[in-house]
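Asks: To start, I am sharing the structure in question, which I have written as C-alpha cells.
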Amino acid sequence: MSWLHKFFDLFLGESEEDAERETKPAQIPQQQEVHHPEGQLKRLEDPKIYYEYPKGKFRFPVVPDGYKNHDLRRRRTPSDEPKSAPRPSAAPYRERPRNEEEQHTYQAAEPAKKPFKPTNIPSPVYGFNQKPSVKKDVPKKPSETLNEPDKSVKEKVTLLSEEIERERGYPASDTQAHSKIESPFFPDTQFEKQPSGVLNRKDTEHDEALAKRPAEPSGNKVPFESGVQQPEKEEPFFPAEQAEEQTPPEMLTDTAAEGLSDSEVGREEPATAEEEQREQQPEKFEEPVFSAELDEEQTAPESQTEAVSEDEKAKEPSDSPVYNHHENAAEGAESPFVQEEQMDIRQEEPLFTDHEYSSEALAQAETVAKESEEPSESIINNHYDTLGEAQETKIDVQPDSHTELEKTEHMEQGSKSSTATLENRQEIRADKPREASEEPKKRPGVQEKRTEQSASSQKGPSVPFNVMMLKRDTHKQQKAEERRGSYVFPNVALLDVPPAQVQDDTAWIEEQRQLLDLTLKNFNVRANVVHVTQGPSVTRFEVHPEPGVKVNKITNLSDDIKLSLSAKDIRIEAPIPGKNTIGIEVPNRTSKVVDLRQMIRSSAFRTSKSPLTAALGLDISGNPVVIDLKKMPHGLIAGATGSGKSVCINTILVSLLYKADPSEVKVLLIDPKMVELAPYNKIPHLVSPVITDAKAATAALKWVVEEMERRYELFAHSGVRDIDRFNQLTAEHQMGEKLPYLVVIIDELADLMMVAPNDVEESIARIAQKARACGIHLLVATQRPSVDVITGLIKANIPTRIAFSVSSQVDSRTIIDIAGAEKLLGKGDMLFLENGSGKPVRLQGNFVSDREIDRVVSHVRSQMPPTYLFEQEELVRQGSALKEEDELFYEACEFVVEQNSASTSSLQRRFRIGYNRAARLIDMMEAEGMISEAKGSKPREVLITASDLINE
C-alpha cells in the first residue's frame, strides 16, 4: 500500500508523512496507541491497568501475552489508516446532494433481525464468555468505501473496527476493558457488540443530558423528521448495486472538498467529545444487561462488520455539541440505521460551528468532567485520560482517513454482494424504528431515567458498603424499622372539633363578688374577695381574712353563703395551698364541656415523652392536667353511678392509644359489666380479649401476679432495679426482648369482690405493693366505695385516687380520706388526689363520645392484629384443674394399688384425713377409671397396676 502513501503525499506534503512515521512505531505494538497522544501512552502500555480497581483486591483473568501479535496481524491495515496530519474540514457533508446520501445511508449498519431484548446477564468480570468463530485474517472488502464522508468519522471507524476485531478474537475481559474506554466516544458503533440494553441506556443518558440543556434551537427538530421519512420512501427504488455504484463518486467528491474547513472541525470536535464524555461518564460503571441478540451479526465476515462500523461512524460529522447530543440521544436506542439519517439533516441544516459557542461548551464540559472525576479515583481517572487521548488523536490524525478513503475506493468491486446483504437487513430492521415518533420517545426516556435515579437513591442502603454490620446491630436496626413502620399513631382529626363556647360572665362574676362581700360583712367577718378565677365548671373566689379572723369563722358560714349566693352547692377550701387566702368555689351558671381533642393538642400532652401519659382534664384555672401512670403508679377511681367513672377510664385509654406503641404498652381490660370496655376488643395493645367473666378475671389477676414474679426474677438475674434500666441494657447488649409496660384496668371491682373476695383482694394487694418497679400498673374503678369493696389493704397500697360525686361524707372519706366529694357536681367533676399530694385538686374531666372512641379504635385495629399472651378460657381451665386436683391424689393412688383394694375408711386411717376428703379421693379415682364402682359393703376392685400408674 506504499503507493497510496506516495499518492497521498502529493496532497499532504512531507511534514505530514514525517508526523505519520513518528507515530507509527507506537501504533504497531499496541492497538490503542494509534489513537492517543504521546503524553499518555505509558498509561495504556499495560492492559492490566484497565482491571485495577482502587483497592487492588479484585481478581481478574490474566490476558495472554500473545494477543498483541495477533492484534498486529489482524489490524495492520486499520492501524495504517489514521495518520497525524492537519485535519481537513467536515464541510463536504453540507455540499452533498441529498438523494445520493439517502441512497447510501441504507447500505450498512445492519443490526440484528430480532427486536432488542436484554435476556442474558453478563458476569461483571468475564462478560459473555462466548467466542464466536470468526475469520480472523479476512482482508478488508471494498464495502468500507460505501459511506465514508469525513476524516474524523474515519478515525472513529478505525477505533471501533479494531475493538470489534479484538472482541471476536480475544478474551472477554480484554474486550470489556477497551469497551469501557471507547464506548463513551463511539456510541453508534457499539451496535456491533452490545445489545439493546446498552442502546437503551445510552438513549436515556442522552435524553437526560438533553433535557438539562437550557437552550437548543427548535429548528433542528423539524427537518429531522423530514430527513428521516424521505429516505424511507426513496430507498426501495434503488437496488444495492446501483447504490454502490453511486457511492464512490460521492465519496471522492467528499474527499476533494475535505480541505475546506479544517480549523472549523478542529474547534468543534473537542467540545463534542467533551460533552459526550460528560453525558456518558456517569453511567460508565452501570453497564446494562448484555444479550446475545446480535450473534448473527457478530459472526458475520470481518469485511462486512468493518463496512457496517464505518458506515455508522460516517453518520457522525463534527457538528455543534448541542446538535450532536440531540441526535445521539434521540436515536441511540433505536438502530444504527436511524442514526444514518441524521447525516442528511446535518447536510441541509445550518451547523452551529461558531467558535465562541464551541469554546464555551468545551470549557463547560471540562468543568463538569473535573467535578464528576472525584467520586471514584483510579478507574474514572483512567477513563477520563483515555477520553482525552481519543479527542486529541481524533483532531491530529483525521487527514489520514483521506488515505483510507482512496484505499477503499480501489477495493470497492469485491464487496458488492456483502454490502447488498447488509443493506437489505438494514432496511428490514430500520423500518419499525422510523415509524415511531422520535420526540415522544425522548421525554419518557428522561422521565424513566429520573425515576430510576430517584428510586435508587431512596432504596440505597442506610449503612455504608464498607461498614460490617454485626448480628446484634442488624437486629437493632430491624427492630427500629419495625417500630417505625408498624404502628401509626391516630390523628387528632379523628376526634370531634368542640363547638365554640363564647360566654361573657363578667357581669355575673362581679355580682357574685359583691354578694359575697356583703354576706361576710353581714356576719361580721372582716374579709373581702381579693381574686376571682373562673374554671370550666366552677368559679373560685379567693377571700383574704383580716388579721385576727379565724379560718373556721368563714368555713362555718358555708350554708349561709350558699343561701345568699343562691348556689347549688359550694365548697370551701381553707386555706388554698401556697396562698394566704381561702377559696370559695361556686358553680358556674353553665358548665363548659372539656373535649379530649383540646387535651390531646395541649403542649403538656404533646411534650410528654412517657408512653403512659394520660389526659385527665382541666383544673379550676383552665390549665390541662396530664398524668403519668409511671408516677401514679396505681389508681383508684370511685364515684356514684353517672358521675363519670367510665368516661374517665375511656379518656385514659384513648390517651394511651394516642401515646403508646403496642410494643411498648400492653393493656389488660377486666370489665364485669360487659359493655363499658367492649369497644376496645381486638386492638393490638391487648394481652388478651376483654375479660368479662368474674372467674376469668380472677385467673387473669393471678396471671398478672405470676408475670410480676417472672419479671422480678429477670431483674434479679440482670442486676437491675426497674424496667427502664432493664430495657436499656436489653437494647445495648441484645440480651433479650424488651419488656412492655402492662396496664391492668378493672372497671367494676365490687362485682369481683362479691365472686371471689379473698383471691381478688390478695392479687390486687400484691400487684399494688410491688408491681411498680416491673412496669405493671393498676387502675381500679368502682361505683360502691364502701369499706367492704375498698378495703384498707387495697386503699393503703393505691396512693393515687380520683373521687367523683358520691352520696355521703363517709364514702368521700373512704376514697380520699377527707370530705368534699359529696359536694361535687357530677358530670366529670372530680377531686384528684395525686401520689404525694396532701390535698386533692378539683378538676373537670374530659369527655369523649362513643363515635370518637370507635374512630380511634378502628384506626388502631387497622395498624396490626392483636397478639394475645394468653386466652381466658385456658386460664379458667387451669384454675379449675388446680382446684379439683388434690395434693394427696397420687399418693392415694399408690396406696390403693399397693393394697389392691380401695375404701374410704382405709384412706382415712392411712392419710389421717376426714371422711369428706377421703370420699372425694375415692370418687376421683373412680372417675379416672382406676377402681371399680361401689359394691355395697365390699371393697372396690383395683383396675390398674403399678406400671400403669407410673405410665400415667
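Just so it is clear, glycine is given a Cβ too, placed from its N, Cα and C backbone atoms.
Look at Swiss-Prot and you will find Gly639, Ala640, Thr641, Gly642, Ser643, Gly644, Lys645, Ser646 tagged as ATP binding site. Here Swiss-Prot flags 33-49, 93-104, 134-169, 200-215, 278-287, 310-329, 343-358, 391-413, 424-452 as compositional bias 'Basic and acidic residues'. Residues annotated as compositional bias 'Low complexity' in Swiss-Prot: 237-250. Annotation comment: Swiss-Prot describes 414-423 as compositional bias 'Polar residues'. Summarising the annotation, Swiss-Prot assigns domain 'FtsK' to 622-813 and lists sequence analysis as the type of evidence. Residues or ranges marked as region 'Disordered' in Swiss-Prot: 15-468.
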Asks: I need the least crowded one of these binding-site residues (Gly642, Gly644), counting other C-beta atoms within 10 angstroms of each C-beta.
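Replies: Each of the binding-site residues Gly642, Gly644 was scored; lowest Cβ tally within 10 Å is Gly642.
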Asks: Within 10 Å of the Cβ of Ser643 (ATP binding site), how many other Cβ atoms are there?
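Replies: The answer is 25.
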Asks: For the recorded ATP site, whose residues are Gly639, Ala640, Thr641, Gly642, Ser643, Gly644, Lys645, Ser646, find every other residue on that chain with a C-beta no more than 8 angstroms from the centre of their C-beta atoms, and list them by sequence position.
Replies: Gln783, Phe804, Ser805, Gly826
Asks: If H, G and I count as helix, E and B as strand, and all else as coil, what does DSSP give for Ser646 (ATP binding site)?
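Replies: In the DSSP reduction, Ser646 (ATP binding site) maps to helix.
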Asks: Does Thr641 (ATP binding site) have same-chain partners at least 6 apart in sequence with Cβ under 8 Å from its own Cβ, and which are they?
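Replies: Counting only residues 6 or more apart in sequence, the Cβ neighbours of Thr641 (ATP binding site) under 8 Å are Gln783.
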Asks: If you count Cβ atoms within 10 Å of the Cβ of Lys645 (ATP binding site), leaving out that atom itself, what do you get?
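Replies: Its Cβ shell of radius 10 Å holds 24 other Cβ atoms.
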Asks: Using a 10 Å radius around each Cβ and counting other Cβ atoms from all shown chains, which of the binding-site residues Gly639, Ser646 yields the largest count?
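Replies: Answer returned by the neighbour count: Gly639.
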